[in-house]
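Colleague: Got a structure for you, written out below as structure tokens; questions coming shortly.
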Amino acid sequence: MGFSKPSVPPLAPEQVYELPYLERIKILSRYWAEEGFGSPKIFHVIYIAKLLFLYMLGGYLIGTLTSGFNPFHPGGFWNEPVLYQKFILWTVLLEVLGIAGSWGPLAGHFKPFTGGWRTYGRVDTIREPPWRMPLTGGDRRTRADVALYLAIIVTLVLSLVLPSVDDSGLTAHGFTGGRVSPALMIVLGVLLIALGLRDKVFFLQARGEQYLPAIVFFSLYGAVDMIVALKLLIVVVWVGAGFSKFGKHFGMVVPPMVSNTPWVPLKAMKRINYRKFPEDLRPSHAGNLLAHVGGTFVEIVVPLTLLFSTNKTVTIIAAVVMICFHAFITSTFPLAVPLEWNVLFAFAAGFLFLGNPNWDGFGLGDMTPWLLVVTAAALLFFPVLGNLRPDLVSFLPSMRQYAGNWASATWAFAPGAEQRLNERLVKPAPMIIDQVTELLGSREVAELAMYQVMGWRSLHSQGRALNSILLDQLGEDLNHYAIREAEFMTNCIVGFNFGDGHLHDHKFIASIQKRCQFAPGEFIVAWIESQPVNKNYQRYLVIDAALGIVERGTYLVDDAVAEQPWLPNGSIPLTVEWRLEGYERTSYPRVQPTSPDTAGAS
């Protein structure tokens, strides 16, 4: 990586569409293994500046100055609950504005960097209600949705800037800062639920699965119960993430994540995570060890130690381990770049378990017993359900953060068809190919960048399956259709994605189709559901936007993880369970070899 210029893959941009699709994947997956995305380091400097000055310094000044603390003497207040409350609320505010997670070029937002408010503050953008309920129907954002969004922003700002209120329970335990107004927290919780029921994208961008429970604790729980419940919440998040890493997916996540880390100086340090670079890009023993010891083991054993330990030395060691864990993740700049979330969790490890330790009256045994049971059951409900029935629950409430077991999709456009998304959708940004074209000054170079992302996807288990599905569906057309990572495409249309295929499922494709009116065969989607914890297979769908779901089936996870990214043995075995009667895909010919999307565009 250069500082101001990206590194260049070993493939001439004008040759992208001259090579077969799987040959592109072979070149670019190997390139990713050594270079990652090859982003210029100035991108990382921008993220570091945002994290240090906007998030950390800004949040610190707001949290201290509005709570009556002297920011130059943190030793006297760093464990005050009101400070932690305001740090969480500051994080939620940045998330819903679109300037925390899933922000900027490393998350597929090149110009503009921000989705968030550009989507939720604009009438007629697509919204995605999670369920069919009264007052939530439709897929168009209305003035009422915008009003709810603005009300949430105002409530968050008021919660941050208004002075805290006294709390006798906190005072009895030696705290002097009080707490954020419970009344404001109730209002905020109701507003988040109301808008979340009308648009699941907003709820997930607000990280409602984690911050809404905290807001409930802030509003309804007494001093000790609140702090212990916050400990339960973060431990459920950690352990849920650790549990989800059991299996065969997570070992394939860590090597490409490390490959994309800007501070790893030697290519050899990246190659060591692959079995036999460049011939075999399955994870090596070293890659699996880093994943399952540095990830799975740490996220399960260390948090449980923090939850139950009454030994000061053990607790300090465990807290330091979790702080280092989140610092390491932050330093890798993972796709979707949840940097603020990781910094908050690093602080939480110290605040909750060192600042308010179990042996000072903040252990499980100090919480109201019936409330402890109710809280634990509520926090565990969606992780348990989501691991057994991932089709019912997003991977975020399922607490499967960055486990590699995601619902995923790849979009395929016939020549010229992709441009219709720009022409007919109300959205916060141009489509990704157009953003990158403007950034790099060349459509051909931008196409090459799009296939670098496909090289990244192919290094994961789902990538092998998605490519297999498209190979079976498109045949030779795969070589001249525009193949796109659905996550980046969804970013452009709704302003947010976090690796969750539920945000671009068949209902979302139907919303796009209602507006764009693709002809049969112009827009084909391969879509995969996450693997249930008790199954050895994953389910897939094939969607023709004009016709809806045209095929359902399954594939064995073992078959996906055994293959190379470029499928040298052809597509993995797919078991077709249903196919639309009489369906035959309409094929569109190659028009222009270098860029199928400009040729024939209307």
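Cβ coordinates come from backbone N, Cα and C, glycine included.
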Colleague: Under TrEMBL, the annotation transmembrane segment belongs to which of these stretches: 314-332, 333-351?
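Modeller: When 314-332, 333-351 are checked in TrEMBL, transmembrane segment belongs to 314-332.
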Colleague: Should anything in the same chain at least six residues away from the transmembrane segment (218-243) have a Cβ under 8 Å from its Cβ atoms, list it; otherwise answer none.
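Modeller: Here the qualifying positions are 81, 84-85, 167, 169-170, 172-173, 175, 179-180, 182-183, 185-186, 189, 210, 295-300, 302-304, 306-307, 322, 345, 348-349, 352-353, 356, 361-364, 366-368, 371-372, 375-376, 379-380, 383, 387, 398-403.
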Colleague: Are there residues at least 6 beyond the ends of the transmembrane segment (45-67) whose Cβ is under 8 Å from a Cβ of it, and what are they?
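Modeller: For the transmembrane segment (45-67), the far contacts come to 74, 77, 80, 82-83, 86-87, 90-91, 94, 99-100, 103-104, 106, 160-164, 177-178, 330, 333, 337, 339-340, 343.
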